[in-house]
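> Not my notes, these are from TrEMBL:
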type	residues	note
ACT_SITE	182	active site, charge relay system
ACT_SITE	214	active site, charge relay system
ACT_SITE	374	active site, charge relay system
DOMAIN	38-136	domain 'Inhibitor I9'
DOMAIN	173-417	domain 'Peptidase S8/S53'
SIGNAL	1-15	signal peptide
């Protein structure tokens, strides 16, 4: 057996065409609950399909040899047959390949320690990350009237005459598809008006239902008739978390891959105005998830993500740290940062996140009031859909800064931040953008589409906030 292992390893090294000096690929351990023996392997840029096929074949042989040498009572076998997460057979090996846009290509699977060490020597491999658990950002149920929609349609703090008034364009969302990467959606809830669909279920053995409610609540804030920001958008369930609200990072990657594929199939079809995805979930810092979100944005998908509920620097968590996503913190009715909301320079903008009423599970007309950055993020996803649907006519003076293509996610992110209401929040930690989302109150969006003025404002925003922070500390204002 050892001789066979030696031959396999020799063939493996020859197949990789190793240089004389090899620097092992990084093995990243997220600062969250890891799933033993489960890994995410990311290839270097420029790797060919033939190289990948040979790599997978050789690695699979090595895994088979390695696992058969383990004692029968080794924990690898207990974990490999577990039904909780990522089960892919007694012997492990490659589970799924993924390719997200043109920037991220790799695979997930379960491997012995010996195999991982040899994988690190492959010149095809950019890095390896231990798979880890992700969760919905925790929500608290309370019983209060909704106010979030009213807040994003008024510049000033809400009062008795404005707290229940949502001002908007009733065409908002038309022609746009929104993907909720979460626990699923109760697509039979009547408040979706027949615009909720089941897209994809990723976790093995899970049914096409939302057994948790979190995803349905998120979807309602994006798209529902009474609680949604964009009331004509079509919303799709991409289930990556199980009914207990937990799942694996590798399943989340597959969910992102699905969204990109669906978006690319829609590009160029009649009436299609764009795709937005919402991820109200989080875990430890994950390089692979941040890269996946950035790659999806590069492929044209707009992304809103929750900043997290740990009252810490959002840069410590993923996908909140993904630089091309719109990372959303939670604000309150009194225009303060919610006590649980993460903060810092990785936060892009704030939106209502405390006591948010939306759709739920249990019946066709179920609702619930929840709190969290999970509730703030879909306000922005809905706002993205709203603005995408109301894009100016092709080649008008405001159409994508005069370009002949639709607005890109990076451009729209800048516009949404620049158009937001400035300096309304108090007691923010340093280097945290003081911006609350704003939809234009159903009026002309000329200022929103006026690229030159608002991009300039966006670039000067950080300087303004730093000055305001200093003045506040000096008690001048």
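Any Cβ shown, glycine's included, is placed from N, Cα and C.
For each feature listed, report its degree of burial, its nearest neighbours and the pertinent distances within the displayed model.
For the recorded site, residue 182 (active site, charge relay system), the DSSP three-state label reads strand. The Cβ of residue 182 (active site, charge relay system) has 30 neighbouring Cβ atoms from other residues within 10 Å, across all protein chains displayed.
In the three-state DSSP classification, residue 374 (active site, charge relay system) falls within a helix. Counted within 10 Å of its Cβ, the other Cβ atoms near residue 374 (active site, charge relay system) come to 31, all protein chains included.
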> What whole-number Å value do you get for the CA-CA distance of residue 214 (active site, charge relay system) and residue 374 (active site, charge relay system)?
8
> What are the DSSP helix/strand/coil residue counts across the domain 'Inhibitor I9' (38-136)?
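Tallying H, G and I as helix, E and B as strand, the rest coil: 33 helix, 33 strand, 33 coil.
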> Between the Cα atoms of residue 182 (active site, charge relay system) and residue 374 (active site, charge relay system), find the distance and write it as a whole number of Å.
10
